[in-house]
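Chemist: Attaching a single structure in structure tokens format; questions to follow.
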Amino acid sequence: MLSSTVLRGLGQRATATATRNSPLLAHAFSTVQKDGEEYQVEEDAVDGEWAGCTKKFMAPLKISARGADILTNPLYNKGTAFKGGERDRLRFRGLLPPRRLNMKLQEQRILTQIREEESFIRKNIIIEDLHDRNETLYHRLLVDHIEELAPIIYTPTVGQVCKEFAERYRRPRGMYFCEEDRGHMAAMVHNWPHDDVRVIVVTDGSRILGLGDLGANGMGIPIGKLSLYCAAGGIAPHRVLPVVLDVGTDNEELLNNPFYIGTQKKRLQGPAYYHLVDEFMQAVRHRWPKVLVQFEDFSSDKAQKLLNKYRHSQLCFNDDIQGTGATTLAGVFGALRAKGESVDALGDQRIVIAGAGSAGIGVAQVLMEAMKEQGRTEEEAKNTFFVVDQDGLLGKERANELSAEQKLFVRDTDGGLSLLDVIKKHKPTILLGMTAVGGLFTEEIVSEMSSNCERPIIFPLSNPTTKAECTAEQAFEWSGGRCIFASGSPFDSVKMDDGRVFYPTQCNNMYVFPGLGLGATVCGATTISDRMLYIAAEALANYVTEEELACGKVFPHISKIRDVSHRVAVAVIKEAIREGQAPNLTAKDIEDLDSFVSKKMYDPVYVPLVEKRQVTI
């Protein structure tokens, strides 16, 4: 007998509200039909070892492991949640404490440990220890508490995680490729135990966030990114692979650190570097032909070259260049809406970008492509940009020392003009920071922006927090509360002296890359096109409600990240269909893409396990 009203549509998870005063009691769900739609409703609560579980049919997962081997495999291990029947048939009765705890109680236990710690690095150690023991529970925690845990597993904490990675190294996760492996990579990839890898995040550790060259310690970045792919994007954890290309390091501290885990040689350069990367790309593509490769935190002198080499022939993208660009574009679209302007007014803006590295130029490229998508010519679009680096405004005088991508944005006049002087002379409406120079946006700069524009758009996008060009409090205070603000690192709400409260949102790539990766992999796309990035940004921007914009938020609340990823994935798939890049889809799939994508999204719940056995008679 049903004991509650309909809670949710299929493909969307809701938290059940207990109707009895016991933490051991929870609810199962049954599927019912109403008005031609399928919904799930709560069943009567159960107690004992079935508390928090459903007794409806779930297809079991057949595994080769048995006994104690299951308890040490994080993909299969449920810890104290294994039921009596499983303990018998999987042959480890007696190897666990007798009391069975359901997943909800396991979540509460871990959360209690995390919340008792004040140090974010200690919190990270607790949650990553769980990652190494029980991946299902780890991702369930992230899904249910993403707002609280995302800053712990990724920015801003991940910067410190990488700095301390060697000293805290506990358990192998991911793969490492170095110069000694040249000629062996095609065979090495078969050491990875999973045949269905869908997403690889790879770094060479040369530019980790705003911290610079951390070498093999940069493995913390792919691990953190892929945790978000699983929790936010619904990619199953056995389908992701973190990778470090250990080509050495130029960090003297690491070269002399006895505990460093990477190759203690100077970085490979020139043809030797690119040959190593190429062998890696061929090796992973040979074993997993449809895998998506995400380049992450490569130095500016390498990032664009690698992207240019592979983007039109392989399924890959650079998150620092394209992911940051798409996310920033979505934020700018939201900011224009908050100002009461149309998103088509993007080409009417005057945009100053502080930082001419791969991220800054990547954002400029994506914004320029968006303007062209809206009908502006390339020349009209280029004229809206003022790109400034440590030597001032990019001008034609420096053309010989700039990359091809940087040359697109040189100005004919005012080359070398300082950031403040550019703002004074050209009166921009948008200021974007990607310099990793903490405090670069001074009171004078923000005040000047505000004097020239009624509602300036100010996005200090560098992270971690110490590298942010300004804080939310500074931006709102110095602009008199008139700026529209988003940042690369999270900041708390800001209360002004007059009682107004502003709620800054984080311009975090996690709003784009999980959905982009999900959509591209499930439809079988062969490349990530520029228009896919535009469509992803548009889908994200359209998800922001008028109420959120009224509060100064230009991105959705992070608790909605699964729905955002779903929306982005559907939009990307539609564009892939238009481009003829969706071979995996049937006509039935295309009829209802929302349901198709929902069914493809990994939901971290415990499923029954059975041992693979060969029966002979």
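A Cβ is built for glycine as well, from the same backbone N, Cα and C atoms used for every other residue.
Unlike curated records, TrEMBL annotations are generated automatically.
This is the feature table in TrEMBL:
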- Tyr154: active site, proton donor (ACT_SITE)
- Lys225: active site, proton acceptor (ACT_SITE)
- Arg207, Asn463, Asn508: (S)-malate binding site (BINDING)
- Glu296, Asp297, Asp320: divalent metal cation binding site (BINDING)
- 131-311: domain 'Malic enzyme N-terminal' (DOMAIN)
- 321-577: domain 'Malic enzyme NAD-binding' (DOMAIN)
Chemist: List every residue in the same chain as Asp297 (divalent metal cation binding site), at least 6 positions away in sequence, whose Cβ is under 8 Å from its Cβ.
Modeler: Thr203, Asp204, Gly205, Ser206, Arg207, Ile208, Leu209, Gly218, Ile221, Asp320
Chemist: Excluding Glu296, Asp297, Asp320 themselves, which residues in that chain have a Cβ inside 8 Å of the centre of the Cβ atoms defining the divalent metal cation site?
Modeler: Thr203, Arg207, Ile208, Ile221, Phe295, Phe298, Ala303, Asn318, Asp319
Chemist: How long is the line from the C-alpha of Asn508 ((S)-malate binding site) to the C-alpha of the residue listed as 'active site, proton donor', rounded to the nearest angstrom?
Modeler: 10
Chemist: Relative to the Cα of Asn463 ((S)-malate binding site), which of the recorded positions Tyr154, Lys225, Glu296 has the closest Cα?
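Modeler: Of all the candidates listed, Tyr154 is nearest in space.
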Chemist: Restricting to the domain 'Malic enzyme N-terminal' (131-311), report the mean pLDDT as a whole number.
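Modeler: Over the domain 'Malic enzyme N-terminal' (131-311), the predicted model scores a mean pLDDT of 96.
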Chemist: Sorry to bug you, but what's the C-alpha spacing from Lys225 (active site, proton acceptor) to the residue listed as 'active site, proton donor', rounded to the closest Å?
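Modeler: About 7 Å separates the two Cα atoms.
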Chemist: When a 10 Å sphere is centred on the Cβ of Asn508 ((S)-malate binding site), how many other Cβ atoms does it contain?
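Modeler: So the number of other Cβ atoms within 10 Å of Asn508 ((S)-malate binding site) is 27.
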Chemist: Give the number of CB atoms, excluding that of the residue listed as 'active site, proton donor' itself, located within 10 Å of its CB.
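Modeler: The residue listed as 'active site, proton donor': 23 neighbouring Cβ atoms within 10 Å.
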Chemist: Between the residue listed as 'active site, proton acceptor' and Glu296 (divalent metal cation binding site), how far is it from one CA atom to the other, in Å?
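Modeler: Checking the Cα atoms of the residue listed as 'active site, proton acceptor' and Glu296 (divalent metal cation binding site) gives a distance of 9 Å.
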Chemist: Do any residues at least six apart in sequence from Glu296 (divalent metal cation binding site), in the same chain, have a Cβ closer than 8 Å to its Cβ, and if so which, in order?
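Modeler: Once residues fewer than 6 apart are set aside, Glu296 (divalent metal cation binding site) is near Val201, Val202, Thr203, Ile221, Pro222, Lys225, Asn318, Asp319, Asp320.
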